[in-house]
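As annotated by Swiss-Prot, Zn(2+) binding site applies to Cys9, Cys12, Cys28, Cys32, with the evidence given as sequence analysis. For 48-69, the entry in Swiss-Prot reads region 'Disordered'.
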Amino acid sequence: MSQPMTVQCPTCDAPVEWSAASPSRPFCSERCKLIDLGAWASEEHAIPVSPDAEDELFSGDLEAPHRGH
């Protein structure tokens, strides 16, 4: 039988077995999972995007709706 894969908890670096027996994976615990969620909510973590990306995404929201008369 093969050894289960082990990963590091992203919050505390504790080893975590990657299996169904570890329901919080990749975190070692629900506490570490909530700490990470809080970091995303307070914008300590962010996905990098180009400065113009947001403008492109929402530029259509600023345009007046077209009316077909």
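Easy rule for this one: first residue shown is 1, then count along the chain.
Each residue, glycine too, has its Cβ placed from N, Cα and C.
Overlay of Swiss-Prot annotations on the structure.
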| residue | record | Cβ neighbours (10 Å) |
| --- | --- | --- |
| Cys9 | Zn(2+) binding site | 19 |
| Cys12 | Zn(2+) binding site | 13 |
| Cys28 | Zn(2+) binding site | 21 |
| Cys32 | Zn(2+) binding site | 19 |
Listed in sequence order, residues not in Cys9, Cys12, Cys28, Cys32 with Cβ within 8 Å of the centre of the Zn(2+) site Cβ atoms: Pro10, Thr11, Asp13, Ala14, Val16, Phe27, Ser29, Arg31
Three states by DSSP: which one describes Cys32 (Zn(2+) binding site)? helix
